[in-house]
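*Asks:* According to TrEMBL:
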| type | residues | note |
| --- | --- | --- |
| DOMAIN | 1-99 | domain 'Dihydrodipicolinate reductase N-terminal' |
| BINDING | R31 | NADP(+) binding site |
| BINDING | G71, T72, T73, G96, S97, N98, F99 | NAD(+) binding site |
| DOMAIN | 102-230 | domain 'Dihydrodipicolinate reductase C-terminal' |
| ACT_SITE | H131 | active site, proton donor/acceptor |
| BINDING | H132, G141, T142 | (S)-2,3,4,5-tetrahydrodipicolinate binding site |
| ACT_SITE | K135 | active site, proton donor |
Amino acid sequence: MKIALVGYGKMGKIIDEISQSRGHEVVARLRETPTKDSLNGADVAIEFSNPEAAFENIKVCLENHIPVICGTTGWLDKKPEIEKITLEQDTAFLYGSNFSLGVNLFFALNENLAKLMSKTTEYSVQLEEIHHIHKLDAPSGTAISIAEGIIENSKYEAWKLDETKDKELGIFAIREDEVPGTHSVFYRSEVDEIEIKHTAFNRNGFALGAVIAAEWIVGKQGVFSMKDVLGL
Ligand SMILES: NC(=O)C1=CN([C@@H]2O[C@H](COP(=O)(O)OP(=O)(O)OC[C@H]3O[C@@H](n4cnc5c(N)ncnc54)[C@H](OP(=O)(O)O)[C@@H]3O)[C@@H](O)[C@H]2O)C=CC1
Ligand SMILES: O=C(O)C1=N[C@H](C(=O)O)C[C@H](O)C1
């Protein structure tokens, strides 16, 4: 498979190594918005850039009929437009706020726990995410995905930064040193607390998941998520 890496920073470089170790050819390593020429005949693009650049980068790839795996967070207000372009161009798009297998299991765990709790005692939920000081967006895309999964299955109606209040599920966003990504969910009642935590030790799990998603998407049409890739 020929892979274009759109964004070649911390994530792009690890994805490059993993792609090659799995027998793929990396045909582009870009630190600017791609063009038809710079995409260099890729079968698939893996996009990890920044919130400002992601929309345009994805659009150019899709308009050139190159399916896109996108891990960039912080641009999701424009996702409906990307989904429309994907369908118009008969190509494929997959966004993952977090490509690691562990976090995708963590999403399912929290959805199920929220569902169970809404049938029993009243628990109040609080989210916390900790990331490195270079991160441009807050809260993290992963925290937003966790919150959305809980909201669908509980009394909560929306999420907000900071402390949980009434029907708004709170997310504390902490920036600390070089932390790769830690997410905790606290379920608290009058008498006890359940805490579920995922800690990434490094970025390798994110990168491997993105390459697996790229292998999966080639030849498909439509808008997908990691749930489709992992059969969750
Ligand atoms: N979904 C997931 O599993 C994960 C998502 N992320 C997200 O992925 C994104 C990237 O993370 P990370 O690699 O750590 O960030 P980095 O800042 O290390 O890398 C970003 C890269 O994008 C490049 N860039 C800047 N402008 C453009 C542009 N217009 N087009 C293409 N590339 C551009 C930068 O180049 P230059 O240095 O020259 O500016 C740099 O190479 C972030 O949004 C982060 O939140 C991160 C980890 C996991
Ligand atoms: O910026 C990061 O580093 C990360 N971003 C993603 C997010 O916003 O959830 C995924 C991971 O936690 C690392």
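Cβ atoms here come from the backbone N, Cα and C positions, even for glycine.
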*Asks:* Limited to the domain 'Dihydrodipicolinate reductase C-terminal' (102-230), I'd like the whole-number average of pLDDT.
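*Replies:* Average per-residue pLDDT within the domain 'Dihydrodipicolinate reductase C-terminal' (102-230): 96.
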*Asks:* List the helix, strand and coil residue totals of the domain 'Dihydrodipicolinate reductase N-terminal' (1-99) as derived from DSSP.
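*Replies:* Helix (H, G, I), strand (E, B), coil: 39 helix, 22 strand, 38 coil.
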*Asks:* If the (S)-2,3,4,5-tetrahydrodipicolinate site is taken as the center of the Cβ atoms of H132, G141, T142, which further residues of that chain fall within 8 Å of it by their Cβ?
*Replies:* T73, S97, N98, E129, H131, K135, D137, S140, A143, G181
*Asks:* Going by C-alpha distance, which of the binding-site residues R31, G71, T72, S97, T142 is nearest to the residue listed as 'active site, proton donor/acceptor'?
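*Replies:* If we rank R31, G71, T72, S97, T142 by Cα distance to the residue listed as 'active site, proton donor/acceptor', first place goes to T142.
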*Asks:* Determine, to the nearest whole angstrom, how far the Cα atom of the residue listed as 'active site, proton donor' is from the Cα atom of T73 (NAD(+) binding site).
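*Replies:* Cα of the residue listed as 'active site, proton donor' to Cα of T73 (NAD(+) binding site) measures 10 Å after rounding.
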*Asks:* Can you tell which of the binding-site residues R31, T73, G96 lies nearest to G141 ((S)-2,3,4,5-tetrahydrodipicolinate binding site) in space, using Cα positions?
*Replies:* T73
*Asks:* Relative to ligand 1, which of the recorded positions H131, H132, T142 have a Cβ found under 6 Å from one of its atoms?
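*Replies:* Among the recorded positions listed, not one has its Cβ under 6 Å from ligand 1.
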